[in-house]
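A.B. asks: After the structure tokens below, expect a handful of questions from me.
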Amino acid sequence: MEMYETLGKVGEGSYGTVMKCKHKNTGQIVAIKIFYERPEQSVNKIAMREIKFLKQFHHENLVNLIEVFRQKKKIHLVFEFIDHTVLDELQHYCHGLESKRLRKYLFQILRAIDYLHSNNIIHRDIKPENILVSQSGITKLCDFGFARTLAAPGDIYTDYVATRWYRAPELVLKDTSYGKPVDIWALGCMIIEMATGNPYLPSSSDLDLLHKIVLKVGNLSPHLQNIFSKSPIFAGVVLPQVQHPKNARKKYPKLNGLLADIVHACLQIDPADRISSSDLLHHEYFTRDGFIEKFMPELKAKLLQEAKVNSLIKPKESSKENELRKDERKTVYTNTLLSSSVLGKEIEKEKKPKEIKVRVIKVKGGRGDISEPKKKEYEGGLGQQDANENVHPMSPDTKLVTIEPPNPINPSTNCNGLKENPHCGGSVTMPPINLTNSNLMAANLSSNLFHPSVRLTERAKKRRTSSQSIGQVMPNSRQEDPGPIQSQMEKGIFNERTGHSDQMANENKRKLNFSRSDRKEFHFPELPVTIQSKDTKGMEVKQIKMLKRESKKTESSKIPTLLNVDQNQEKQEGGDGHCEGKNLKRNRFFFW
């Protein structure tokens with residue numbers, strides 16, 4: 001209620017009050033029905049039933065429910081405000097409504113009733129007070145507190161419904177198997193009142209109403225007479241037998257001829273003999289003079305005009321239009337899902353690392369000659385490696401194993417993705433072990449370092465640890481383009497290491513010739529303390545087994561062990577690896 005300003009009380013009933021309020025933001029006048037707070041469940045049942053029907057069914061001639069909320073344990077229903085009813089019209093026109101106005105009102109009321117009946121809904125409380133009339137002449141059926149769905153065979157309804165004056169004889173006799181005809185009976189009584197200005201069957205009790213029905217309309221049917229005779233309420237009561245004219249216009253002389261026919265068709269004692277709402281809409285009373293064709297455009301224009309004035313109420317779309325829009329939304333949604341799924345699959349394919357192509361190039365020439373490696377083209381066709389490499393002496397049978405990276409690296413960015421060194425990242429040229437020469441060839445130190453995602457050979461996989469692969473550079477290490485001074489220094493380092501590797505290999509041969517008793521106390525030289533010192537223990541056991549197998553086959557073939565020596569170990573070896581004032585972190589390869 002904070003959003004509404006109370007203007008006054010409109011009405012009050014047995015179940016609650018209706019307040020006239022104004023929306024503070026839009027200024028629209030609304031009617032708020034407030035249900036009483038009572039311990040019994042009947043009030044909540046009626047309120048929830050009305051909410052259910054108003055949310056489920058929408059029609060031009062049904063009152064619009066704007067919102068529902070609960071405050072202080074009271075249910076509040078907010079409706080569009082129409083403070084005028086048919087009863088107010090009858091109080092203004094004491095002798096009844098004029099014929100043109102009456103036909104327009106009745107046509108709209110029948111449209112609302114036919115809409116409910118087509119959805120198997122019975123209103124059960126049709127009367128002049130529940131027919132709202134707007135300033136432009138649009139009628140709307142309201143008060144769905146007693147409305148309910150049509151019962152299945154064998155089900156029963158509430159016995160007390162509808163206002164007494166408009167109650168059908170089956171309701172008066174408390175027949176629980178009633179249906180849609182009760183609304184048609186109430187409509188017939190209301191038509192007479194709207195045409196004459198006086199209620200047709202005013203009564204003070206059910207017995208009084210039943211007596212007037214027999215006098216003005218007709219005698220009870222055999223089924224209703226049986227219920228009447230067995231009812232303890234009417235025990236000892238005898239109803240009169242009256243002969244009524246069969247002609248409708250003689251029976252209702254105060255009514256217009258066609259209107260009298262409609263009333264006669266509505267007020268039939270037997271519910272099965274009453275006319276339906278759809279047949280009433282096609283009655284001659286509405287079809288003559290092209291009334292429907294002329295009035296419908298006028299009605300549509302008035303509805304659109306009211307929809308513009310009422311900011312909180314939007315014009316309802318037809319069910320077919322809603323279905324078409326829902327189908328369009330579903331189609332757009334499914335197309336969006338399909339496109340997104342296809343795009344996701346393509347992205348996943350691009351994310352998968354491509355297979356590494358290993359190209360073996362035979363090198364011809366002498367021991368000190370080696371041909372320049374061919375320029376590699378990445379699969380993306382973007383990057384190429386510089387063909388100028390440092391030359392190291394190799395045997396004529398040596399084969400170069402070229403490992404290409406799975407993804408091309410932009411030369412404008414470094415290994416960490418920073419724009420720095422154009423030579424950072426690329427292919428790595430790694431010579432395999434020469435089995436015919438005891439001197440083991442080291443990898444080209446000036447070539448680019450291993451990429452973390454490069455796939456190594458099977459033997460290299462076995463030697464790799466979980467923390468860092470052999471020959472892999474730490475993420476923060478940098479690689480710069482080697483100069484001529486650096487290449488000369490590296491040649492000296494390489495010659496020094498080859499001699500050191502021969503000495504280490506000879507020591508391994510001697511150690512393998514020990515006796516079994518000595519082997520039990522055999523200790524390998526301790527590895528330098530690195531990040532992977534814990535994991536190299538398991539690697540040493542595998543190397544021992546591998547060396548034993550190779551020693552049985554041939555004593556000339558030895559397998560090197562590559563160790564990653566950190567920067568501190570480099571400094572102890574005499575300052576190797578310094579490059580004209582710049583301290584560079586490099587990978588050292590020990591052979592022993």
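Numbers run from 1 along the shown chain.
The backbone N, Cα and C atoms fix where each Cβ goes, and this holds for glycine too.
Copied straight from Swiss-Prot:
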- ASP125: active site, proton acceptor (ACT_SITE)
- 4-286: domain 'Protein kinase' (DOMAIN)
- THR158: phosphothreonine (MOD_RES)
- TYR160: phosphotyrosine (MOD_RES)
- 368-390: region 'Disordered' (REGION)
- 459-485: region 'Disordered' (REGION)
- 44-50: motif '[NKR]KIAxRE' (MOTIF)
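What does the local environment look like for each feature on the list?
C.D. replies: Within 10 Å of the C-beta of ASP125 (active site, proton acceptor) we count 22 further C-beta atoms, all protein chains included.
DSSP assignment over the motif '[NKR]KIAxRE' (44-50) gives 7 helix, 0 strand, 0 coil.
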A.B. asks: Reduced to three states, what secondary structure does DSSP give ASP125 (active site, proton acceptor)?
C.D. replies: coil
A.B. asks: For the domain 'Protein kinase' (4-286), would you mind checking the mean pLDDT of the predicted model?
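C.D. replies: Value for the domain 'Protein kinase' (4-286), mean pLDDT as a whole number: 89.
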